[in-house]
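Comments concern the structure below.
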Amino acid sequence: MEVVKDLNEELKSSYIDYAMSVIVGRALPDVRDGLKPVQRRILYAMYEMGLFSNRPYRKSARIVGDVLGKYHPHGDSAVYDALVRMAQDFNMRYPLIDGQGNFGSIDGDEPAAMRYTEARLTKIAEEMLADIDKDTVDFVPNFDATLKEPVTLPGKFPNLLVNGSSGIAVGMATNMPPHNLREVCDAIIAYIRDEDISVEELMKYVKGPDFPTGGVIVGVDGIRKAYKTGRGKITVRGKVEIEDGAIIIREIPYQVNKANLVEKIAQLVRDGKIDEIKTVRDESDREGIRVVVELKSGANVNVVINKLYKYTQLQTTFGIINLALVDNQPVVLSLKDLIAEFVRHRREIVRRRTEYELKKAEDRLHIVEGLKIAVENIDEAIEIIKKSESVSVARERLMERFELTEKQADAILQMRLQKLTAMEIDALIKEYEELKRKIAELREILESKAKIDEIIIRETEEIKQKYGDERRTRILRSAEEISEEDLISEEENLLVITRSGYAKRVDLKSFRAQGRGGSGVIGVNLKSDDAITFVGTVNSTHRLILFSNRGRAFWINAYEIPKMERTARGGNLRHLIGLENGEYIVSALSVEDFEGRALILTRDGHIKAIEVEEFVNAKRAGITAVSGEILAVKPMAGKEVIISTKNGMLARFDASEVPVYGRNAKGVKAIRLKEGDEIAWMDCGDGREVLILSEGGYGKRTPLEEFRKIGRGGQGVICFRTRDKTGRVVFAEFVRENGIFALSSDGNAILVEIEQISVQGRNTSGVIVARSGIERAVQVRI
């Protein structure tokens, strides 16, 4: 029967089918494993052939034949070209195939024929295939339905981000640059810990593309745009050095043919466009690229370099298009989208792997339970077997007598006599207990998203440690490199940190001084379950040493903490430092350099002096600062120390009584507390008056002479008469500034001139300072 179709409709339909076939089946990578179908099929075929990194190489022709015959019914050259590219270290940031023989060069030389070259998987490629045998991914029939192939690989690392991808489909194209594995792993961990993280915050980890050929990226605007929108353009230059008046090209932009670059320079010299060049020669070898451009006498080196940038591929533009398949649909993705999709994929992999391991463990436990029953009744079991006419009869009798399943009975019948030794019986019981523990652990993982995320974080850290390396591509903010410090204006800011890890810098000018006893204004937008743990002052150009309740120290640049409006909640510190669950910042030191000493006071009343230089290596990971829970840290900026308690006692002693210890020491006893009392605050300095504040918002100034020195370790004397309306003491310091900035427990802030707070004796309750109460306070200059 003849079928009549409209030609226009048939063309449209057929073209759409063709386009989708190219998009889904050839040109675009899957967002999960970052591979195109041909790449995935090559890696899986090599996995099936056992071509692991510790096995001998196998001929490329054999690999190509397997791929063609089993999974990819297309031309052999297409498969071999894809295999070669995955082995080229100038194309792949982290090659997935280890090639032996001539696999081409950065000069554009063709690889040797597949009958000559050999290949095997790299170690990092094995991480792409890890756990594929544990039902972690779906399999579909191959082209002739005789075999199964994976729709994606488990991929322990984000291959799409670290190796990039390029391809031209129908009506669309992808061009994704490679990145540094170490940086991407850090960004993944940061995303898992805070899924609301912004692209700007992710860029603190992923600085920009990291090309296998190195080079220099000029400007960050294109990177920022690409990371936010999925599209952008970046300028990439080769790395040049000046050596005895000659220009030495050490690195070239990504995907630039070195031989063509050298030829182009020579052509420009012949054409007279760059007449300052005397000769150009390629001295590259196995150690790396070295193109020497010798200049004529008197030539201006910078002028020549700029001409090379302008007229040759020593400077190129890389157009970023982050286009990948998400659920078989082409989608342009931001940096956060790419990371989110990878994390979603890994959560699914870990969940399916755990389910597989749980089933295996439960199946084995079932068998072991049967063997355990048999061992516990061994004489009777042997008697039943001996008296049975056949295996089937023995099986049925065992099942009936001990209430076993068929699988358990078969396992007993297959058990060797050597398993009946005391040692083997003990091993069986030990296996039984271990299986029960493992099953409970696996079930716990499946019931908790947080547990799955912990596993992903741990595995990502392992990948980072095993395969992470230094960045190769340098990033300049503009044509001339400008450091971030050069862009920071020096200013004194307020620093506010909360228990949940939010921190911000605030301009003191955001607050105007109020009369004593006011209610203040919003100083920080606190959530109901959050609390202020530290308020202080910081110089924007200083280093900031942060101390946690768990006795650890970290340091960052002060300007890394975002400067925000007074009502803002702040930025998440966990993006900057490695705080653990339940850990929070309780104190901070703003230092220009790592000189001088600091005092550390623990919650149980121990104190020590420590050299600030001990924290120079703290960085973001953190190091031990003291053996104990930190309450306060102060610079050793005076001759005397005062320690106040919440019930209104104050101990005063000489700073010289505090010995200097290392980081791991606990220190010595600072104060003897009465039963039910706690330490409120500490200060080190000099002065004539002590400013004391209470949680009810009361305060006073008391002459220092009213507090006699008692020596370190004493109980102290009364400094404040606490009442119901005043609440307990929260602050006591030498008066050294003319203003006090105080925050209440609900985030209200008040700025008061210290002169307005009256001078009173030590056994008094002071006057109202802040009607909304005081949680934390810091002296400031108004």
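Keep in mind that glycine also has a Cβ here, set from the backbone N, Cα and C atoms.
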Candidate ranges 68-102, 418-452, 593-627 [criterion: TrEMBL lists as coiled coil]: 418-452
Close in space, distant in sequence - TYR116 (active site, O-(5'-phospho-DNA)-tyrosine intermediate), Cβ under 8 Å, 6 or more apart: SER60, GLY101, ASN102
Helix, strand or coil at TYR116 (active site, O-(5'-phospho-DNA)-tyrosine intermediate) [DSSP, three-state]: coil
